[in-house]
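The block underneath contains the structure these notes are about, expressed in structure tokens.
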Amino acid sequence: MARMNRPAPVEVSYKNMRFLITHNPTNATLSSFIEDLKKYGATTVVRVCEVTYDKAPLEKDGITVVDWPFDDGAPPPGKVVEDWLSLLKNKFCDDPGSCVAVHCVAGLGRAPVLVALALIESGMKYEDAIQFIRQKRRGAINSKQLTYLEKYRPKQRLRFKDPHAHKTKCCIM
């Protein structure tokens, strides 16, 4: 019942990257959250909001939970961006096509901004990244976050030489 007012999880796929954008579960809704993660094959969850559930049940199911909280409605701090991109580079080089779940409270601000950054770092224009995400997650990304993405200058940290690079584990840095 708690999920009725929340948007359903959405998958965003681009090149060899897959993301699951979702809202935060509670301990009461954790079992359905874990089912969603398994359905999409997500083995890593990035939590960018305050803790609302015990991560032990996820870890018991082999799902890694990473905590990088930052303020609601705000763009991510530089350290979160660096850690996020580093995690993705390792994850998608080692296991192309795998899925990384990311959530904030409603799945409309902080989580979509991180996914947009990944798309931009992989070569997509910021306008296209925002449109791509908003097609699947209506209402995502507020004006402050939009300005941040517009001014963001990618270093192409997620440009992959070859979508089949997993054979050589070779990524462009």
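Cβ coordinates come from backbone N, Cα and C, glycine included.
Taken from Swiss-Prot as is:
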type	residues	note
DOMAIN	8-161	domain 'Tyrosine-protein phosphatase'
DISULFID	CYS49-CYS104	disulfide bond
ACT_SITE	ASP72	active site, proton donor
BINDING	ARG110	substrate binding site
MOD_RES	CYS170	cysteine methyl ester
LIPID	CYS170	S-farnesyl cysteine
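If you measure from the Cα atom of ASP72 (active site, proton donor) to that of the residue listed as 'substrate binding site', you get 7 Å. Taking CA atoms as the reference points, ARG110 (substrate binding site) and CYS104 (disulfide bond) are 6 Å apart. Comparing local CB density within 10 A for the disulfide-bonded residues CYS49, CYS104, the maximum falls on CYS104.
For the domain 'Tyrosine-protein phosphatase' (8-161), the model gives a mean pLDDT of 87. CYS104 (disulfide bond) carries neither a helix nor a strand DSSP state and counts as coil.
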